[in-house]
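Chemist: Structure incoming, see below.
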Amino acid sequence: MFKNYIKIAWRNLVKNKVYSFINVFGLALGMAVTVLIGLWIIDELSRNDSFANKSKIASIYQSQTFNGEIFTGAAIPLPLEFEMKEKHSDIFEHIVMSSWNSDQIFKYGDKNLSIEGYHSSKDILDMLDLNIIQGDPNGLDDLKSIMLSQKSAQAIFGNENPIGKIINLNNSTDLKVTGVFENVPNRSSFGDMHYLIPWEFYKTSREWIVDNADNWDNNSFQMFVQLKDGVTMDQADALVRDTKKKAQPENTHNPTLHVNAMADWDLRDNYVNGIKSGGRIENVWLFGIIGIFVLILACINFMNLSTARSEKRSLEVGIRKSIGSTRGQLINQFLSESLLVVIISYVVSIAIVFFSLGYFNDLASKNISFPYDQLYFWIISIVFIIITALISGSYPALYLSSFKPIKVLKGTFKIGKLAALPRKILVVTQFTVSIALIIGTLVVMNQIDYTKSRPTGYNNNGIIQIPIFSNAFEGRYEFTREQFLNSGAVIDFASSSSPVTEVWSNTAGYDWDGKPEGFQEDLALTSVSYDYMKTMQMEIIAGRDFSRSFHTDSNAVILNETAVKYMNIKDPIGKYITDSADREAEPPMKIIGVVKDAIVQSPYEPVKQHIYPFDNFENSSYYNLRLNPDHTISENLSTIEQVFKTNYPDVPFEYEFIDENFAQKFRSEERVASLAKVFTILAVIISCLGLFGLASYVAEQRTKEIGVRKVLGASITNLWLLLSKDFLILVLISILVAAPLAYYFMGNWVQKFTYRTEIGLSVFIIAGIGAIVLTIVTVSFQAIKAARVNPVKSLKTG
């Protein structure tokens with residue numbers, strides 16, 4: 001029986017080639033979009049699945065209150081390590097202290113390489129279940145040891161056995177290679193782990209860490225934990241919540257600790273006022289919904305075209321019923337036809353996915369491979385095919401099987417006007433979704449453009465930054481500055497403790513005249529050298545820049561506009577800021593200037609209150625060089641590299657363009673916009689395919705009427721309007737439905753941005769006009785084609 005159903009289904013597909021193509025291609029596009037989105041979602045949700053202990057691993061976050069506002073982040077103080085081990089070893093299998101990921105310079109023989117990795121507690125090896133492929137699994141027990149990833153070991157030693165070899169760190173310390181671990185997958189949170197150096201070495205070899213060993217207010221580290229069996233994340237979170245508060249009762253910032261599960265990293269790591277408020281999971285939901293809607297649009301095409309052509313199949317239904325076929329058998333037949341179309345469509349969709357995956361990866365910044373060798377994929381595919389066949393085929397099957405055989409065989413069966421109502425509702429649904437997607441995509445693009453147009457507060461064009469983490473740079477600032485300025489490739493030069501586009505240090509514990517009682521400041525801090533404001537072309541609106549003419553500038557500070565307002569300092573020039581924690585050790589800092597606000601964090605957030613103390617060349621992390629505009633960029637870079645290698649032959653030459661770093665801040669939203677744009681275009685194409693098929697059917701059904709009207713003198717324009725107006729009315733209804741829905745949902749979306757675009761009338765006009773034009777173009781082909789047919793032929797056909 002089933003074989004017979006398939007044979008009939010295939011015969012109908014071949015017989016009606018145009019409608020079959022529309023059905024198959026439309027469904028294939030919809031299914032391809034859904035498969036691509038599904039692969040993207042799986043990749044997002046399985047980011048850290050390579051770690052066997054994923055369900056038990058977490059990072060410790062900290063919330064602190066500043067003037068009633070709660071800020072949450074992963075930075076924690078050094079004394080918390082002892083407190084956690086002392087109080088909570090019963091619930092944690094491992095408590096791992098770690099630096100942030102950082103690039104270090106390693107020298108072996110004539111090789112000098114910059115490699116990224118971590119200084120971490122030795123327990124990180126067990127926690128992440130790293131596979132040690134060479135050397136000692138306990139290699140981090142030695143203070144001056146290092147373990148390398150396969151990739152970094154290969155880069156440094158080539159085919160040599162690295163175990164026991166000595167490599168130099170930052171031109172200062174020799175470390176012995178004690179182990180090599182298997183590369184951590186790039187798509188994991190530790191994909192940048194290419195070296196591991198003992199935590200004990202890190203905290204004892206850096207003077208600033210030794211000085212802050214008991215400082216609860218220096219939040220410069222991170223902590224990872226692994227729960228013991230039987231302990232849940234919620235239980236651990238409740239137990240550690242007040243650990244810092246109890247250890248530091250004098251802290252007025254109400255410090256609260258959170259256990260942030262690895263499963264939530266990136267996906268749910270945004271906090272608002274101390275409460276989790278989403279993250280990339282919002283994009284997962286967004287694209288999941290888009291995928292479902294695009295598939296539904298494709299299914300609607302199948303429903304509409306199947307029911308629209310029902311009159312042509314009514315005789316078949318009548319005959320089958322008259323010879324004993326039950327309604328159930330007819331439903332099975334039509335569902336079998338649906339299943340055949342869906343199977344063919346899925347095969348086509350897989351081909352589309354296979355050939356478009358490279359482009360999709362570029363667009364989404366992913367490295368997704370087609371999982372043809374994964375059993376789960378084919379199981380999901382079978383379920384997907386069945387569900388799609390049921391969605392697309394159920395309504396046509398129920399509708400077609402309901403025909404009365406007596407009316408059909410007597411020739412009195414006609415499709416009534418009410419029968420077209422469900423089709424009209426489905427068309428309105430299709431275009432409502434498509435228009436809403438167009439509006440949503442336009443709003444996302446407008447929000448990005450609006451934020452990009454926000455003044456940065458400095459000129460980021462034609463400037464590079466060079467990392468200077470090696471000890472080779474110590475005490476050589478002035479010499480290096482002269483070398484670069486005399487090269488002709490650099491017109492301005494300055495150093496800073498943080499990258500230009502980031503804040504690495506937040507600080508508190510200052511006093512100043514007029515500070516309100518109980519005021520809890522939270523200040524961004526970047527130490528800078530002479531000429532920093534000049535190099536960055538930041539506008540000084542009061543006072544002056546640091547100057548070599550004033551020896552007292554070694555204890556000076558410059559504030560941004562927001563800091564002056566935040567600290568409520570009237571006439572700030574000449575006033576002092578004192579570090580209350582080190583009042584006797586550090587002299588007061590004199591305010592010598594105020595600069596316009598500069599965007600150094602997220603461009604979607606307000607500029608933070610920022611102070612720029614003078615850097616006595618002890619804390620610099622970057623040289624900032626403004627290139628000579630009279631030379632080409634390649635000429636400048638070639639000269640700069642030559643100067644650098646001449647003076648620092650043992651340090652790799654690395655640089656970054658500031659404008660490219662700033663552009664990175666928009667990448668996530670731009671990826672969302674690009675993906676949404678592509679999916680919207682495909683949704684519109686699918687909707688237009690369905691409209692094209694319906695227009696073809698309507699023109700075919702009204703062939704005789706068109707012939708009569710043409711004989712009576714109707715023009716092509718009249719006939720075009722006759723065939724098009726119903727579709728235009730449906731699209732206008734769709735616009736009226738889509739506009740308020742899109743306004744509501746996109747209005748909520750832009751609320752998460754402090755600097756947000758207004759959802760103006762223009763996006764609705766553009767989307768509406770676009771939908772109308774597409775409808776006219778799609779329908780006109782069939783309408784004009786029908787109107788141009790010879791009326792004699794039309795009347796014979798009718």
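FYI, residue positions are counted from 1 along the chain as it appears here.
For all residues, glycine too, the Cβ spot is worked out from N, Cα and C.
Automatic prediction, not curation, is the source of TrEMBL annotations.
As annotated in TrEMBL:
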- 20-241: domain 'MacB-like periplasmic core' (DOMAIN)
- 21-42: transmembrane segment (TRANSMEM)
- 284-303: transmembrane segment (TRANSMEM)
- 289-403: domain 'ABC3 transporter permease C-terminal' (DOMAIN)
- 339-360: transmembrane segment (TRANSMEM)
- 375-400: transmembrane segment (TRANSMEM)
- 425-445: transmembrane segment (TRANSMEM)
- 678-699: transmembrane segment (TRANSMEM)
- 678-791: domain 'ABC3 transporter permease C-terminal' (DOMAIN)
- 727-747: transmembrane segment (TRANSMEM)
- 759-784: transmembrane segment (TRANSMEM)
Chemist: Go through the chain and flag residues at least 6 beyond the ends of the transmembrane segment (339-360) whose CB is under 8 A from any CB in it; none is fine as an answer.
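Modeler: The answer is 6, 9-10, 13, 20, 23-25, 27-32, 35-36, 39-40, 302, 366, 368-370, 381, 384-386, 388-389, 392-393.
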Chemist: Excluding the flanking five residues on each side, which residues at least 6 beyond the ends of the transmembrane segment (21-42) place their CB within less than 8 Å of a CB in that stretch?
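Modeler: Contacts with the transmembrane segment (21-42): 284, 287-288, 290-292, 294-299, 301-302, 305-306, 341-342, 344-346, 348-350, 352-353, 356-357, 360, 364, 366, 368, 371, 380, 384, 388, 392, 679, 682-683, 685-686, 689-690, 692-693.
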Chemist: At a C-beta cut-off of under 8 Å, are there same-chain residues at least 6 beyond the transmembrane segment (284-303) that contact it? List them, or none.
Modeler: 22-23, 26-27, 29-31, 33-34, 37-38, 40-41, 44-45, 267, 338, 341, 388, 391-393, 395-396, 423, 426-427, 429-430, 433-434, 437, 672, 675-676, 679, 682-683, 686-687, 689-690, 693
Chemist: Any residues 6+ beyond the ends of the transmembrane segment (425-445) with a Cβ under 8 Å from its own?
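Modeler: Counting only partners 6 or more residues beyond its ends, the transmembrane segment (425-445) has Cβ contacts under 8 Å with 290, 293, 296-297, 300-301, 303-304, 669, 672-673, 676-677, 679-680, 683-684, 686-687, 690-691, 694, 727, 730-731, 733-735, 737-739, 741-743, 745-746, 749-750, 757, 759, 763-764, 766-768, 770-771, 775.
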Chemist: Give the mean pLDDT for the domain 'ABC3 transporter permease C-terminal' (289-403) on the 0 to 100 scale.
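Modeler: Average per-residue pLDDT within the domain 'ABC3 transporter permease C-terminal' (289-403): 79.
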